[in-house]
Amino acid sequence: MVIAISGMIGAGKSTLATALHKYYRNSMMMVEFEEDDDVFNIFLKWLYEKQPNIDIGFQAYIIESLSAKFQKTIADFKAQGYQFDKNHIFLDRFNLEHYIFAAANLSEKNLKYLKGFDAMFHQIVSPSENPDFAIFLDISFETFKERVFKRNRASEVENFDQNLRYFMRLHDFYKEMFIALCNKYKIPYHIINCNNKTQEQIFAEALILVETFDFSQLQRR
């Protein structure tokens, strides 16, 4: 089964996906981006520095990169002899969520830019890349801010104040748009409230969700 760990920046997606991958030994994990992805990192730096005219270029790079990475992960999964009704792929966010980022990034520009991104997005991203199940990690804006400063990623922390309005807009958009997209594409999902919970508590809740998921509805082969 393909299981996405979803949510806002700083929600703890990578931590939970890694923990689940370690628990399920015969599983795979696909990260959103590699730490040494120079293209991603420079785009992210430019985004937070508010460099002009990079929004669509950044989102295009992400969805193309994730689409190619997903196809490779599926091929590797099958090459290992794994089966979707017995083994899992854990995704650290999935491609559809980047529509939410685009909506937040482009919301203050002329509508034609979002329409242009929408057309490109639906040409590149296939519904087959959507997960069989998504676990959404829900955090308050206060928790988001606390975690961003705790992990101390330079591009986020050094430019936090000038991006405060963007972060608040993204947080306001994220959960509502995530639910709408899951409903539109018929993706089963569950929301975990992660505020005031330890990583161990969140893992325990997620593990129950995975263990009790109804595999009989799984169509992926």
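Numbering starts at 1 and runs along the chain as it is shown here.
Backbone N, Cα and C define each Cβ position, glycine as well.
Here TrEMBL flags 3-198 as domain 'Deoxynucleoside kinase'. Per TrEMBL, ATP binding site is recorded for Gly7, Met8, Ile9, Gly10, Ala11, Gly12, Lys13, Ser14, Thr15, Arg147, Val148, Phe149, Lys150, Arg151.
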Inset, instruction - Using Cβ-Cβ distances, find the residues under 8 Å from Gly7 (ATP binding site) that belong to the same chain and are at least 6 apart in sequence, listing them in sequence order. - result: Lys13, Arg93, Phe136, Leu137, Asp138, Ile139, Tyr174, Phe178, Cys194
Inset, instruction - Report the same-chain neighbours of Val148 (ATP binding site): residues 6+ apart in sequence with Cβ closer than 8 Å to its Cβ, ordered by sequence. - result: Ile9, Gly10, Glu156, Val157, Phe160
Legend entry - Residue among the binding-site residues Lys13, Lys150 whose Cβ has the most other Cβ atoms within 10 Å: Lys13
Legend entry - Close in space, distant in sequence - Ala11 (ATP binding site), Cβ under 8 Å, 6 or more apart: Leu137, Asp138, Ile139, Phe144, Arg147, Cys194
Legend entry - Sequence-distant neighbours of Thr15 (ATP binding site) in its chain (C-beta under 8 A, six or more apart): Gln199
Inset, instruction - Reduce the DSSP letter at Ile9 (ATP binding site) to three states and note it down. - result: coil
Inset, instruction - Note down the number of other Cβ atoms within 10 Å of the Cβ of Ile9 (ATP binding site), including every protein chain shown. - result: 18
